[in-house]
Amino acid sequence: MSSYIILPQPPTITNQSPKDYIIDPRENIVIHCDAKGTPHPSFSWTRNGTHFDTDKDPNVSLKPESGTLVVDISRVKAEQYEGTYQCTARNIHGTAISSNIVVRQSRSPLWSKEKIQDIVVPEGVSLVLPCEPPTGLPPPILFWMDSSELPSLRYQYYEFRVSQSLNGDFYFSNVLQEDSRNDYICYARFTHTQTIQQKQPIKVKVLNTPAGAREPTFLVPSGSSSFKTVLRGHTLEMECIAEGLPTPEISWTKVSGDLPSGRASEMNYNKTLRILDVSESDAGEYRCTARNELGSARHSIHVSVTAAPYWIRGAPRNLVLAPGENGVLTCRASGTPKPTVTWTMNGVPIENSPKDPSRRVEDDTIIFTDIQSGSSAVYQCNISNVHGYLLSNAFVNVLSEPPRVLTPSNQVNQVIRNHRALIDCSAFGSPIPVITWFKGSRASTLDGDPYILHENGTLEVPNAQARDSGRYTCVARNTLGTYENHVSLEVKEPTRILKQPDYKVIQRGRPVVFECKVKHDPTLLPTMTWLKDKGELPDDERFIVDSDSLTINDVTENDAGVYTCIMNTTLDHDSASARLTVVERPDPPSDLELTDQKKRSVQLTWTPGNDHNSPIQKFLIQYEDSLHHRGHWHNLTEVPGTKTTAHLKLSPYVHYTFRVLALNGVGFSHPSYHSRVYKTDGAAPDENPTGVQGFGTEHNNLVISWKPLTGLQANGPGLHYKVMWRQKAPGSDWTVVTVANNSKFVVSGTPTFSPYELKVQAVNDYGPGPDPPIAHGRSGEDLPIAAPENVRVNVLNSTLAEVHWDPVPFDLIRGHLKGYKVYYWRKHSLHKHNPDHMEQDILTFSGNHTRGMLPGLHPFSLYSFNVRVFNGKGEGPASHSQQFKTPQGVPGPPTSLIVTNPNLDSLTLEWRPPHDHNGHITGYTLKYQPVNNSNDLGPVEELALAANETSVTLLNLKYSTRYKFYLNAKTVTGAGPAATQEAITSLDEAVASRQVDIATQGWFIGLMCAIALLILILLIICFIQRNKGGKYPVKEKEDAHTDPEFQPMKDDDCTFGEYSDNEDHKPLKGSRTPSNGTVKREDSDDSLVDYGEGGDGQFNEDGSFIGQYSGKSASRDTAEGHESSEAPSPVNAMNSLNSFV
């Protein structure tokens, strides 16, 4: 169904020309009048109060479907059609009329020809140049210019002293000789005709006869007070122009209150006070005050505000009423003086209109009661006073119409969650229908919280949520019927920017990426837009827009600005902005200038370059010395980035050229252009060489060296050095030589290692430098000529001795004492079996020591030693060699410990004596204890063995039990470290020995062969299983230990010393245990300082590994201990087979 309804309607004026209509006489006259109504209205005009027959005037026509009047002035003058026009629009339901339109043509008359006399005034007096423009329509814009047709007067002369008044006159508070001109011209610009007229030039000559100073007086307005009337809503302009010497200054106040804030402004150097949109509150007394140093003047302006008629509640509104309804037309306005109200109906005074019993007029109101069909009409309300009038048309349309909903049926309304939803139900009917809303099943009307029903039928959901989505029904009812319409509401998720673009500071030439990640309702189509400074992005391929980012490659300075990402959907949008600052190294400074030039200083100034958005942190000043080091620039000083001058301290005899570099957060600028050359005069050196020292390269010379002065330090030409020295002894004289182009001097024939005093002084052609300080040095060293005396030794224990000596006298050292060296060597062990050792060891004791410790000695040994002093040249002679003996110590562990002949309850242990006896072996101690399957240790048994024994057989052991053995040697000092071993008592050997008496029986041999064959088969199966995935215990232990020590397997008895590494962590019951919980072999080596543990493992001829037991981690021990006890080695099984065979 179409939403457009054709209903009868009286005319309504929709467009008309202004009341005061000024036309351009060069163009056709167009007086606008448009209206609407049903049926479409017809138009007619009156001119100066009488009917204007447009059909009879060939120069006049009406636009089609419009009342707009067009006058063709190509054959007539426009002024013939000046007058007051009024338009009338009619149809069968009423008549509407326009305001009175006064048509006048614009005029721009010329100034009258006149002879203007030259003006001659003395300097300092006031002067007024009259403008007196001709009367134009509308009034012209006035300004003053000179004959060059450039507004030089307009812009150069206006100041506190000179100004133009509101009427165009040109005022001088006091004149100066420079005000003399031949061409002061007042111009009038007429805006409608775009023409400019000018007054005859005025010549002003100011004489050089100054007038005296005087207090201010007002040139305009005159007197002490004046009055001004202004219309409400217009602009009020008041001016005060004063004369005086010195030039007065103007200020404004309102006596009865403050100047209106926001609407009042002082212009023309405070000479004009302007108030916009004047209201009644602006009436009152205003005071302008002119002041100079001699006094002041005041003028009061009394302002009254009148008003043309203006609406209080707006113009009367059209009425659409059903028969029998009531209504009111109100035409309420105000003005000063109070306006009068007159009513017309269809353009006819209401008192002359047909009587209507339902209508009653009460001043500015028409009341309709129980109106009936046929009462439709257009009423005109005219409100007027002396300042103007208001004319308004309002129709009363009496209709009988059933309700109709104009909103399209099944319209879908979409809204963002948490936003206000407005669901329209635009309805028409007469009487006006009542709107009711339902949702869904229409269980109840939607007329309360949270819904809001507006007068026009619109339903508002103030804060829409997802639950508000659905189908809504609006029902329009009046006395003539009911009309329903269905619409839908969809609540969508809001668009939100999850990651906003970040502020970026980027160096020019690099890329930058702004990220803008967005979340939106999936049913809405999003569009991402990027803006730069609120405008479109530049059309440049460097700008790459992706779905959630903007990339700018090769950034330039023009790319700096604010970038905004906007995500738009059909319902909402979200945006975020970030600034891009493009930085670059600063431009080099410029305009280097040297000022305040002195012998040893100069002031350098410069102009900073563009910092490219990164503040300058400092300036670096460099110089080039074109006299000594042309082409090389050196840093001189730095100044903060806020300064542009530097006071530079200079050196004599230098040809300076300066340049400046600027540093910001990006880096240094290029150097500036260099300054002019600044030459300083020469002078004697300000300083002497540093680093003066004396030393000898031979025993009979002294080398004097120093750090030479640089060219900048030389201060002048002819630089050389005055070298002085003398022996440090009473009565010694200075020897002086001159050295040039060198930084050392060699003095020959000096006594060995004698002290000297040294001085080096710088000299140039301008004279010597300051008196140099004395430095100290010595001539060359020679080898010491004496050995330490009173050398003696104190043996502290079996491995440590302390050597003492007396220091060598200083004069016999013949150089810088570096220290003493002790040479010592072990001649041989005191044990008869050990050979001699002649390898020397050296211990160095730096400095002036008189004793030293000799660590790491071998016990029970004979040592020789001597002591020597040494200096920077070398060693002196050795002292007489002396000897000392070390006492006995504890012996090393036995060299080997093996298990032989394991039997059911016995086995034999064999060993070799320790490699290091460290004294006389007095015997051995054997300790052993059983170990069960869970690696727990049993009670300890102990045997004392003679020194000459190398084996022992243990009887009465437990059957098939694993034992752990500990064997150590002893001297008088004590017991040494133990060698350890493990073994298992064997059942196989016992069975074989018991059956030896029947071994020759045939049946027994056959049985044994069968058993052997069966065992062999089982062994083969076992080996196959092992090869598939089992572990060989011995191999596993060899792989698992970095320093394994195993009991060898002997060919002669086929027994195998089972190894387990976890038992060393188990202490012997009733015995002392080392701090680490293990029993180790502790061989002593020949180290001078520390003690290392004993020797490497060895291999037997059959490839089995010989070593000592060493402990490992407890967790690993437990695992391997279980494996050892639960998975016997196949070698043992083979041994058992051999026993049976």
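Just so you know, glycine gets a Cβ as well, placed from its N, Cα and C.
Straight from TrEMBL, the features:
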- 11-98: domain 'Ig-like' (DOMAIN)
- 109-197: domain 'Ig-like' (DOMAIN)
- 216-306: domain 'Ig-like' (DOMAIN)
- 309-397: domain 'Ig-like' (DOMAIN)
- 403-490: domain 'Ig-like' (DOMAIN)
- 494-581: domain 'Ig-like' (DOMAIN)
- 588-683: domain 'Fibronectin type-III' (DOMAIN)
- 685-782: domain 'Fibronectin type-III' (DOMAIN)
- 787-889: domain 'Fibronectin type-III' (DOMAIN)
- 893-989: domain 'Fibronectin type-III' (DOMAIN)
- 1003-1024: transmembrane segment (TRANSMEM)
- 1034-1141: region 'Disordered' (REGION)
- 1034-1053: compositional bias 'Basic and acidic residues' (COMPBIAS)
- 1114-1125: compositional bias 'Basic and acidic residues' (COMPBIAS)
- 1132-1141: compositional bias 'Polar residues' (COMPBIAS)
Recorded stretch, among 11-98, 109-197, 494-581, 685-782, 787-889, maximising Cβ pairs under 8 Å relative to the domain 'Ig-like' (216-306): 109-197
Result, the domain 'Ig-like' (11-98) in contact with the domain 'Ig-like' (109-197) (3+ CB pairs under 8 Å): yes
Composition by DSSP (helix, strand, coil) of residues within the domain 'Ig-like' (403-490): 3 helix, 47 strand, 38 coil
Secondary structure tally of the domain 'Fibronectin type-III' (685-782) (DSSP, helix then strand then coil): 4 helix, 47 strand, 47 coil
DSSP-assigned states of the domain 'Fibronectin type-III' (787-889) in counts, ordered helix, strand, coil: 4 helix, 57 strand, 42 coil
